[in-house]
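Listed in Swiss-Prot:
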type	residues	note
BINDING	Gly13, Ala14, Gly15, His16, Ala17, Gly18	FAD binding site
BINDING	272-286	NAD(+) binding site
Amino acid sequence: MGLTKEYDVIVVGAGHAGIEAALAAARKGMRTACFTTTLENIGAMNCNPSIGGPAKGHLVREIDALGGQMALTADATFLQMRLLNSGKGPAVQALRAQIDKRAYAWAMRLVLERTPNLDLKQAMVQEIVVEDGRVRGIVTATGIFYGAKAVVLSTGTYLHGRTIIGEVQRSSGPGGLAPAVGLTESLKRLGFEVGRFKTGTPPRVDGRTVDFSRMVRQDGDPEPHRFSFMSPLDHREQLPCWLTHTTPASHELIRRNLHRAPMFTGVIEGRGPRYCPSVEDKVVRFADKESHQVFLEPESRESHEMYVLGLSTSLPEEVQIELVRTVPGMEEAELMRPGYAIEYDYIVSTQLKPSLETKLVRGLFCGGQINGTSGYEEAAAQGLIAGINAACYVEGREPLVISRSEGYIGVLIDDLVTKGSPEPYRMLTSRAEFRMMLRQDNAHLRLTEKGREYGLVDDARWEVFVALRDGIEAERERLARTVVGPAPEVQRVLERLGSAPLKAGVTLEQLLRRPEVRYEHLVEMGLGRPDLDEAIWREVETQVKYAGYIAKEQQQVDRMRRMEARRIPPTLDYQALTGLSMEAREKLSRIRPETLGQASRISGVSPADVAVLMVHLDRLARARDRAEEA
């Protein structure tokens, strides 16, 4: 086994995590190689043809702010965009786009091929080579060794993949591609704990065989949206989605065939995603419901293939055909692909550091579904952080760690490395403690400076960001210092809005704080700036109106940061701390949190246990101070 080539960073996998990892490392100047089992499958969207949505849209915006690629490519290839929860507060509003999955995958491949310092390799990686506790490289199925100072594993659902359709099972990755064989055994030999999860996908139908007149049309928003503030606003023609529903006949058919459903026959052993259940699971769990929503989503401008969201299933193909035809509008639908379930191996995520480096092997990082997550956006976010930190490892630089108070990416990774997950992890807005501070509309304000610090934000992006940031600050200052009195044009607008008239002078900031007053009303009064960029005035309006809530969250953040500042020695013997509960000793010894804050979030570690740890850390600090004085 000879050395073929030496790289700084090797990325295994070219899905959504692998793409971001490879681009991040290469853009930071690392000699990078990205391995995939087939070059034709780079950036494949093997499940739903969409990006974004609640919490997921936040992740996409944060990836963009840090200098990642997903947002830019989504903006370039979308079929439809909608702002979800637009009638609710800004904390839960989220952008969701239907994506042309063919165009998206091709665009991502072009980005990779045109990136300096990045080689693409079609090969099956079977072994991780480790020497003296450090990663040394990888070996392919054909016996070729490639050296590397850091390796990122982003294998998706390919590790020992097994697809199931009714009674038919076969070793396979998603979409019928070859599974990754051998890598799981390599990880186990290195001492990693490996688990098994399951996910699934619905059938696809030929749109020419669907009667859309029996469905409810759902169009994109007429006003243009974008994930990246670097993308132009695009008024392209959008394609509609369609809403229909299952029927009592659908449910009866499923019940009659439960004895053939792998979910209920014991064929499927892996735990599936809670928030994306199969249709047979929904029928059993919600037996009183007469129907469930079904959405038909276009997959590409170049294809008639439609994704049947809501009918994820692993029932036999002949049952799937019959099932689809019980849904209004699809009585004569032709299946182009059957739905299937897929089982795959993953690494138990508590074996990772917050940097996504493994605790067992230095220089080995993991990102994406290999860490037990679900979703393109979750994968891309982890891949980006893993790629940045693989490069930092090579440079000998401190890793980038996003805290829970800085981004949804921080919440995602902290949950994984601190708590783990007994099922495929999905990002939800409810998982974030500081939702008013972590809005999707301020992701660039929160994280672009970090992206610049770590070398992924170029001069063009930085210039646009600085203009936005400075524009927001300048307008906030103007609103705070400008006083307006009860002028007739002001009183007229306030009366029309049903707002109390002014009796004395107030600042524009105080006026904008009124629930019924919007920034455009200030413009109408002659007090706003009609030429101001919409992104600036919208952010200013949000900051002013929610200042009280944001201030309360900031107090919580300050308390959390004090806890995060208390570092725990990596060699601390928890078994020797007699004040800890037995469960806390076991969990702390296994997870080995890096800070007191992380320790406090571990399931089974009580406030009393945290107090014991705090006392011990204080004792260690005093002993260290005395030693230094001596």
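Counting begins at 1 with the first residue displayed.
From the backbone N, Cα and C atoms, a Cβ is placed for every residue, glycine too.
Its Cβ placed at the centre, Gly18 (FAD binding site) has 30 other Cβ atoms within 10 Å. Following the DSSP three-state reduction, the secondary structure of Lys282 (NAD(+) binding site) is helix. Within the same chain, residues at least 6 positions away in sequence whose Cβ sits under 8 Å from that of Val284 (NAD(+) binding site) are Leu258, Phe264. A 10 Å cutoff on Cβ-Cβ distances gives Gly13 (FAD binding site) a total of 30 other Cβ atoms nearby, all chains included. Distance from the CA of Ser278 (NAD(+) binding site) to the CA of Gly15 (FAD binding site) is 24 Å.
The two recorded residues, Arg274 (NAD(+) binding site) and His16 (FAD binding site), show a Cα separation of 22 Å. Using a 10 Å radius centred on the Cβ of Ser278 (NAD(+) binding site) and all shown protein chains, the other Cβ atoms total 28.
In this structure, the C-alpha atom of Cys276 (NAD(+) binding site) lies 23 angstrom from that of Gly18 (FAD binding site). Taken residue by residue with DSSP, Cys276 (NAD(+) binding site) is part of neither helix nor strand, so it is coil. Cβ crowding, taken as the number of other Cβ atoms within 10 Å, peaks at His16 among the binding-site residues His16, Arg274, Lys282. Report note: the FAD site is defined by Gly13, Ala14, Gly15, His16, Ala17, Gly18, and the residues of the same chain whose CB lies within 8 Å of the CB centroid of those residues, excluding them, are Val11, Ile19, Glu20, Ala21, Thr36, Gly43, Ser154, Thr155, Gly156, Gly368, Ala379, Gly383. Spatially, by CA atoms, the binding-site residues Ala14, His16, Gly18 include one closest to Ser278 (NAD(+) binding site), and that is His16. Put simply, Gly272 is the one of the binding-site residues Gly272, Glu280, Lys282, Phe286 whose Cα lies nearest to the Cα of Gly13 (FAD binding site).
For Gly272 (NAD(+) binding site), the same-chain residues lying six or more positions away in sequence with a CB closer than 8 A to its CB are Phe197, Lys198, Thr199, Gly200, Met263, Ser278, Asp281, Ala341, Glu423, Pro424.
Residue pair Phe286 (NAD(+) binding site) / His16 (FAD binding site) shows a Cα separation of 33 Å. Taking the C-alpha positions, the distance from Ala17 (FAD binding site) to Lys282 (NAD(+) binding site) comes to 30 Å. Packing around Phe286 (NAD(+) binding site) is summarised by its Cβ count: 12 other Cβ atoms lie within 10 angstroms of its Cβ, all protein chains included.
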